[in-house]
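Enquirer: So TrEMBL lists these for the protein:
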{"type": "REGION", "residues": "31-59", "note": "region 'Disordered'"}
{"type": "COMPBIAS", "residues": "35-48", "note": "compositional bias 'Polar residues'"}
{"type": "COMPBIAS", "residues": "49-59", "note": "compositional bias 'Basic and acidic residues'"}
{"type": "DOMAIN", "residues": "105-195", "note": "domain 'Creatinase N-terminal'"}
{"type": "DOMAIN", "residues": "413-630", "note": "domain 'Peptidase M24'"}
{"type": "DOMAIN", "residues": "642-704", "note": "domain 'Peptidase M24 C-terminal'"}
Amino acid sequence: MTVCHAVHPYEPCLEETFPRSPRLQPLYPTPTPQHPQHGNCCQHNQTRGKVEGTHGKPRDQRPRLVRILLFLGCWNRVELEGGSEGKGIVPSEDAHQSEYIAETDKRRAFISGFDGSAGCVVVTLTDAALFTDGRYFLQASQQLDSNWTLMKQGLPDVPTWQEYVVKALPSGSRVGIDSTLITVADACTLTDSLSAVGSVLAPIEKNLVDIVWGDEKPAPPKNPVVVHPLKYAGKSHLEKLASLREELARRNAHGVIVSALDEIAWLFNLRGSDVECNPVFFAYAVVTNNKATLYVDDVKLTDEVHKHLGPEVVLKPYRQIFEDLNIINEGLREAKQKLLINPKTSLALQDAAGKVCIHSEKNLHGGGLVHISHRLCIRHDLILLFSSDQENVEEVRSFITDSKAIKNEVELEGMRQSHLRDAVALYHYFAWLEAQLNSGAVLDEVDAANYLAGLRAQQADFIGLSFDTISSTGPNGAIIHYSPHKPTAKTIDPKLIYLCDSGGQYKDGTTDVTRTYHFGEPTAHEKRCFTRVLQGHIAIDAATFPKGTSGYLLDPFARAALWKDGLDFRHGTGHGVGAFLNVHEGPHGIGTRVSFNQTPLQAGMTVTDEPGYYEDGNFGIRIENVLLVKDVQLRNNFGDRGYLGFEHVTLVPIGLNLIDVHLLSREEREWVNTYHAECLSKVGPLLEEGSLALEWLRRETQPIEN
């Protein structure tokens, strides 16, 4: 999945503590084409006219223009009146800066109609703009109505939403945002930019979209939390806490605030289901030199979780953290130590921890005191901007994320084993799909996706999907993060390219695989484009490089073959993958983002290899495997640096009939043959002799001629 990828019952103890929600981990009977199954982790039975929320109530279907007007009406009623024009910002993220969010946090989708995973809305009294990246240009253009302006980030002369906010407003404007939804880093950058033009960032306690959403807004989830056993985690939560405290001591810090949901799940060896397809739960944590506090609502905690955490972890209600940070803040001044926070932590948490507002002053309209957030106030004649040199809080890169990214041997083996089982489901799926289409069966993209979900559910240790399956035929494949819905899903046409990007959550690992097939006769142009993508995929997979090399530097390997034909793609080449955690994981990746150059690849990391090519209105092509970064021994070792390479754990055949063999070098042909032999030798024994899947595998792994 791109960034910018016989029925086994549950164990009784897990069944009792982790009941299956309508959107997560049901174990299906084997579905049939005539009766496709629904109800998987990321549902495909959604219709555009009536979309069910988490409690079965239809989402608010008022026209989007009405929602915008209501939003502006709320903006005019907040306490920031003073006569100047203002903007409201509605980001995609939740209070934990999650990429994928619960239904209750889908504010940007509610007000705009665009439901891609990345984007930001800016609304003024005269304009409504949505900013998103190249993965979503086509999708956003189809989902936004005429009230919206689509801002295609990354294209020439298109500003970022931050630049737009600063330049499009007159001096003295107020830019409103929920302080729980903006990061410390973004708040500081935006504040400095706004102050230069006499404007101000105005954090607002009551989210204005929530006011407009009203009673129709889904309630926050209260799903149970479960223990992630040591046999899958490979390291106890007490060992992880001890390592964290060593880092605190090294930095002479009092403690650290943890707000990212996957960091909390990893640190305490717990998993949840509050966010569909992501095994996380709503919580905060504060870890000090002598105390670990987990802020999570008690209704989610079972006796097993209490026993697992033991007396070493103090449990408190989810929202208690803001009050506790105020108390901690008072003691930090005397101890002359700091509380560490990730720059991606919310402004609200930093505010509660004691960020001092003393930096600069600018005149506005004069008049009383306005309460903005826990500690931040604005007078109409005095704007207090955030200081970057306050005493109690220090912004640091998350060393929890860094630790989580390097998998231990137990987690690495879990990734290997989960991908083998996942491959079994995919073999059965593609063999079935090909046979159905060749027999003249009529299947749409949703039917196919649901059938695949049912096959995955038969695999051991399956929990749910790792993201909403991208099942796309022909032109829909050009929508990079396409998600099919009935009744608009297209019938799969065997005469067109079919792209399927899918993955599963298993107790021992997370999978993410994309394959592009053609069930008829591809054109010469389609074959050439596919082969150029394949060459980029092989270049990454076969790469060896010195330690200290980042994914930013490897990215051109994936594009060089495409560039020869004047082709390219508008998404990253690879992202990290969690071990039964989020399918998108940082801090590393392979791509053109400058941030990827800040994190060298290291042995034990996981990363996807997924170049692609997309022609709007025609087709999409992507080939994606999950790779493990490993140490390699080469003939030489220049500079005694050591060298790294990759191990692919995804084992699903490449579409042979889409390969233009004449474009491949001898080494590339050997790679294809070796890879297919590995698919046959490792996954073939897991398939029943005489099965359609095994016949398909043997045919699709025939050697190509050198």
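One-based numbering along the chain as shown.
Here the Cβ of each residue, glycine as well, is placed from N, Cα and C on the backbone.
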Enquirer: Helix, strand, coil: count each for the residues of the domain 'Peptidase M24 C-terminal' (642-704), based on DSSP.
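Expert: DSSP composition of the domain 'Peptidase M24 C-terminal' (642-704): 36 helix, 6 strand, 21 coil.
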Enquirer: Over the domain 'Peptidase M24 C-terminal' (642-704), work out the mean pLDDT and round it to an integer.
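Expert: Taking every residue of the domain 'Peptidase M24 C-terminal' (642-704) together, the mean pLDDT is 98.
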Enquirer: For the domain 'Creatinase N-terminal' (105-195), what does DSSP give as the number of helix, strand and coil residues?
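Expert: With helix first, then strand, then coil, the domain 'Creatinase N-terminal' (105-195) has 36 helix, 19 strand, 36 coil.
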